[in-house]
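**Q** The structure under discussion is supplied below as structure tokens; questions concerning it will follow.
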Amino acid sequence: MAIFFLPLVLPGFAPRSEDSFKSPARFSWSYLNPSKLKKRSVGLSTETNAHGQAYFTLEGHKFMIVGGSIHYFRVPREYWKDRLLKLQACGFNTVTTYIPWNLHEQERGKFDFSEILDLEAYVLLAKTLGLWVILRPGPYICAEVDLGGLPSWLLRNPGSNLRTTNKDFIEAVDKYFDHLIPKILPLQYRRGGPVIAVQVENEYGSFRNDKNYMEYIKKALLNRGIVELLLTSDNESGIRIGSVKGALATINVNSFIKDSFVKLHRMQNDKPIMIMEYWTGWYDSWGSKHTEKSANEIRRTIYRFFSYGLSFNVYMFHGGTNFGFINGGYHENGHTNVVTSYDYDAVLSEAGDYTEKYFKLRKLFASGSARPLPPLPRLIPKAVYPSVNLSFYLPLFDILPYLNKPVMLETPVTMENLPINNGSGQPFGLVLYETSICFGGGLSASVHDSAQVFLNDKSIGILDENNEFLHIPKIQGCQLLRILVENQGRINFSWRIQSEQKGLNEAVTINGTLLRNFTIYSLDMKMSFFERLRSASWRIAPKTYKGPAFYWGSLNVGSFPTDTFLHLPNWHYGFVFINGRNLGRYWDIGPQKTLYLPGPWLHPEDNDVIVFEKIEKGFYIQTRKKPQLQN
């Protein structure tokens with residue numbers, strides 16, 4: 001296999017023409033299979049030959065990383081095998097995944113590696129199927145998830161200085177790594193596992209404000225027993241300042257950018273080029289257009305990677321879904337949120353279906369493979385089920401008895417600082433603040449991200465980061481002021497992560513008078529809440545209703561449930577829960593118009609459907625065989 005790059009640097013290794021690409025010996029790695037390889041001593045390494053050409057080796061054999069990203073936490077566990085088999089059948093030899101700290105440790109000191117978060121099971125499954133694994137444990141990962149994968153309880157202390165060697169932050173990282181890394185150790189290559197490399201942090205070159213931080217994180221991995229190749233990952237502008245001695249610097253790109261590769265090569269000219277992220281598409285945000293990228297462009301770019309002998313990872317091979325409240329956000333002319341679908345216009349669709357990109361890449365990879373690629377796994381069928389009539393409802397303020405006991409505070413605090421969840425605050429969802437007022441006037445409150453304001457149960461307006469003032473009309477006697485605040489997704493990139501507390505701060509005033517004595521309810525929408533809600537006295541839903549409310553109906557799927565997509569005509573903004581599972585947010589501004597409903601999350605026959613709609617009741621819910629990801 002001819003490895004390397006750039007004829008201007010290494011004469012005699014010019015890129016091949018497309019015709020000559022079909023050399024059958026070029027990509028024969030059948031002897032390097034994690035489920036069969038018995039001798040384990042060297043692991044993934046970098047070497048340079050007598051001509052100055054650098055390349056990867058695995059157990060002493062030349063090796064090219066052909067990777068694709070699939071995040072286990074965005075895919076139903078029942079479909080991990082399906083997605084990994086499709087990765088392999090396309091011609092890839094490696095799967096990469098981030099590890100989200102905020103999902104594994106939602107409450108400080110309470111770790112969850114079960115079900116969809118069972119990292120060890122995911123990695124061992126990849127090994128069984130014959131795939132190598134690259135892990136990206138952060139602690140920060142970006143990945144368009146809430147706070148870039150950092151747990152929200154870190155924001156309880158405003159002086160923590162995330163992603164630095166600040167004492168509070170590092171202590172939290174150390175405790176997390178003390179729990180996480182022992183799970184990874186037996187999965188490493190030299191211990192018989194499939195993990196051939198581990199990434200140190202993520203894109204620190206775009207953030208860096210602590211020269212000692214990357215060295216600390218690297219040592220935190222090494223001191224706990226990580227022995228495989230270490231990597232860093234940055235955009236071109238950050239590859240030098242985001243690097244750390246002892247780790248291979250890799251680059252993230254949107255296309256084949258020769259100058260970027262030259263820059264990386266000059267920085268470490270005795271190392272092979274590795275593209276840690278080649279973006280096959282992009283994420284969508286609410287109110288924007290759906291992003292698409294040409295399949296022909298993807299094929300051409302990856303062909304050029306091959307022709308130059310560059311190792312690469314496709315981000316994303318399969319994007320999956322931002323189930324629940326896990327989506328992130330970013331700041332561009334105000335706060336903007338990532339949609340529920342993480343389809344990403346990836347090689348495999350959100351529901352695991354083949355795309356034009358998939359077939360073009362499979363054909364390309366097959367042309368350079370010494371052995372036939374595995375057969376294509378069958379597609380998972382999609383179904384159309386009878387429409388769901390949401391016949392019963394509960395206005396928001398009727399469900400308060402079914403929530404956990406409220407918190408009584410003199411002045412409001414952000415959701416992260418609520419004294420709940422063993423001192424960890426509230427990570428996701430909504431918060432309802434209530435206090436009694438006896439006069440009207442100008443209400444001023446700093447809100448993150450959006451708030452609906454009520455007098456008793458009557459809506460009087462909206463607050464958000466661009467509108468922190470609302471006039472309250474003259475009132476008779478005293479009334480209950482209610483402010484319902486939603487966390488729409490914490491920013492996942494840039495220095496702004498330091499100040500991403502959600503909810504209300506202490507300064508809530510009317511005509512400059514500070515409001516006091518708040519009752520605060522947490523609406524985190526956990527499974528236990530929906531179990532309690534089953535016993536509520538649901539009412540017959542009217543034809544129309546304005547204001548936040550829960551609606552309940554039943555979806556009948558027959559004896560053999562399978563995947564479908566939910567479409568909510570005439571509904572405006574809210575969340576859908578199937579048998580207590582949060583499918584994610586819907587919003588009529590688009591571009592996403594359907595929600596993916598995995599078949600394994602359905603029961604035979606009847607399934608509970610609960611919709612929390614914030615604005616105004618719609619009519620019914622339809623099911624479809626295909627998604628609608630653009631207006």
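For all residues, glycine too, the Cβ spot is worked out from N, Cα and C.
Note that the coordinates shown come from a computational prediction; the quantities given were computed from them, not determined experimentally.
What Swiss-Prot records for this protein is below:
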- Glu203: active site, proton donor (ACT_SITE)
- Glu277: active site, nucleophile (ACT_SITE)
**Q** Round to the nearest Å and give the CA-to-CA distance linking Glu277 (active site, nucleophile) with the residue listed as 'active site, proton donor'.
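**A** Checking the Cα atoms of Glu277 (active site, nucleophile) and the residue listed as 'active site, proton donor' gives a distance of 11 Å.
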**Q** Around Glu203 (active site, proton donor), how many other C-beta atoms are within 10 angstroms of its C-beta?
**A** 22
**Q** Tell me, by DSSP, whether Glu277 (active site, nucleophile) is helix, strand or coil?
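**A** Note: Glu277 (active site, nucleophile) is in a strand by DSSP.
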**Q** Counting across all protein chains present, how many other Cβ atoms fall within 10 Å of the Cβ of Glu277 (active site, nucleophile)?
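**A** Excluding its own Cβ, Glu277 (active site, nucleophile) sees 24 Cβ atoms within 10 Å.
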